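A quick write-up on the structure given underneath.
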Amino acid sequence: MLKVNGIDVYYGKVQALFDVSIEVGDREIVSIIGANGAGKTTLMKSIMGINKPKNGTIEYNGQVISGLPPHKVVSKKIVYIPEGREIFPNMTVQENLEMGAYSVKLSKAEMERHLEEQYEIFPRLKERAKQKAGSMSGGEQQMLAIARGLMSDPELLMLDEPSLGLAPVIVDDMFDVIVRVNKVRNIPIAIVEQNAFMAMSISDRTYVLEVGNLVTHGESKTLMDSDEIKKAYLGG
Amino acid sequence: MQVFVQLLITGIAMGFIYALVGIEYTLIWNATGLLNFSHDKFILFGAYMFAGTYVLGLGLPPVLAILFAVLTMFLFGIVSAFVIFNPLSKLSTNLFAVIGTVILGRIMIESVRLIWGPLPFTLDNFLRGSIHFGSVVVSKAHLVIIVVCSLITAGLQVFFKTTKTGKAMRCVSENKTAASLMGINVPMNIAFTIGLSAIVCATIGILVIPIFNVELQMSSMIGLKGFASGVIGGFGYLPGAIVGGILLGVVEIFGSMLIPSVYKDCLSFVLLIIFLLVRPSGILGNKR
């Protein structure tokens, strides 16, 4: 479905990604793990068109999408839930959700149905529908970010550090939701995480990034048993 | 008593003008993080376009002329967004874009001088005369200003709260990256906001014609006072600009009863300095 073919990405003169290739197939969950500064977020932003790769291409369903501006990428039904939530703090929870559906044309009834769907998955958001999004806790804001992403019926969902700054109990909930979205909606999910154990245990395949280079990739189960990965990312 | 009411109405009318100026530059500030230093020239341009070209030049009836002037200014705003605001704000510092707006203002005022000439003129039958309510006499211009400005401020609130484009503008002003990830075409949206700001500018320009006539300096003082009203009400916050503007208009008109009226213009800036010292966040500054 999504194919990243050997991209080089620069911030000014500093190269952030070196010849990185990944692939996300139909229905699978793919995790991308690595330490701080490994280039995980850069990779996501390059797919979304926020960063432009200098070399290499990005293909989605056979079409080249590298070089398109972000709003055009979104219109291909690729949704990226950025690191640190990036919700609209001064808008209400419901307005945030409605903006999630900006790229698709929905009638009033359809909008209601989409909102109800999100409220079913995230009941906390329903209680807070009329509240300013910025007044919610970090976990609730993360829920909102995911719900907002789902409003446009994505065909590929990419999550950036969904567990960042959340209490351990909430992290479990979060990953449950991600797996459920993958199963119920039958859409592929790419997930970038520092919490390597969590990400690997819910994903089918894993890519490992180190300072801008792809060092290894494979089935998550196999990788979790490899000594190197255990040592570097899973704490022993 | 009747003097009080008359003064109050005049004060509120001027206050609404300042409020609109506050709104007009706050729109651009929120969308781009830039102060539009050519905003008073936008007002000037709108007034000349309406009076000079559409009414006196082409002889259109006022309603049609207003429509055309507003539309022309909207397009002008969009063009200036793609020529100045969007490309220059991508550069390493905001300084380029700020200087860009200053230069745009110079170009505009010199074009006005070239196109319409340096001499002041006015429209004789446009919003002249007064209306009597019992013993209270109110000038037509002030009344129209109050009505039109209230409609515009209310209209903008509805626009931002209910329409898709309006909501998208709020998203862009809160978080540009997230807005683009929602599928919003951010540069286009910013251009639209600047077009909207230009519409408000044109309206201000047209409304103040009966008060200041059409001349090259007509908008410089209201431009500055509108800026002050935004700061006094709460910078970057639309309801703040309205509150600040009306306060300024009323204080100014009653102040001019107490002090010689040549110092009238000082009052707003004294108020501005007091607010900057005592309450820099403005009246409604911490409410958002």
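Backbone N, Cα and C atoms are what each Cβ position is placed from, and that goes for glycine too.
Some features that TrEMBL has for this protein:
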TRANSMEM  B:6-30  transmembrane segment
TRANSMEM  B:42-60  transmembrane segment
TRANSMEM  B:66-88  transmembrane segment
TRANSMEM  B:95-116  transmembrane segment
TRANSMEM  B:136-160  transmembrane segment
TRANSMEM  B:190-212  transmembrane segment
TRANSMEM  B:232-254  transmembrane segment
TRANSMEM  B:266-285  transmembrane segment
Same-chain residues at least 6 beyond the ends of the transmembrane segment (B:42-60) whose Cβ lies under 8 Å from its Cβ atoms: 21, 24, 36, 66, 68-70, 72-73, 76-77, 108-109, 112, 115-116, 121-123, 126, 197-198, 201-206, 208-209, 214, 216, 218-219, 222-223
Range from B:6-30, B:66-88, B:95-116, B:136-160, B:232-254 with the greatest count of C-beta pairs under 8 A to the transmembrane segment (B:190-212): B:66-88
Highest-contact recorded stretch vs the transmembrane segment (B:136-160), from B:6-30, B:66-88, B:95-116, B:232-254, CB pairs under 8 Å: B:6-30
Stretch among B:6-30, B:95-116, B:232-254 sharing the most Cβ pairs under 8 Å with the transmembrane segment (B:66-88): B:95-116
Folded-back contacts onto the transmembrane segment (B:6-30), same chain, C-beta under 8 angstroms, at least six residues removed: 36, 39-40, 42-43, 85, 136-139, 141-143, 145-146, 149-150, 152-153, 156, 173, 193-194, 196-197, 200-201, 203-204, 207-208, 222-223, 225-230, 233, 235-238, 240-242, 244-254, 257
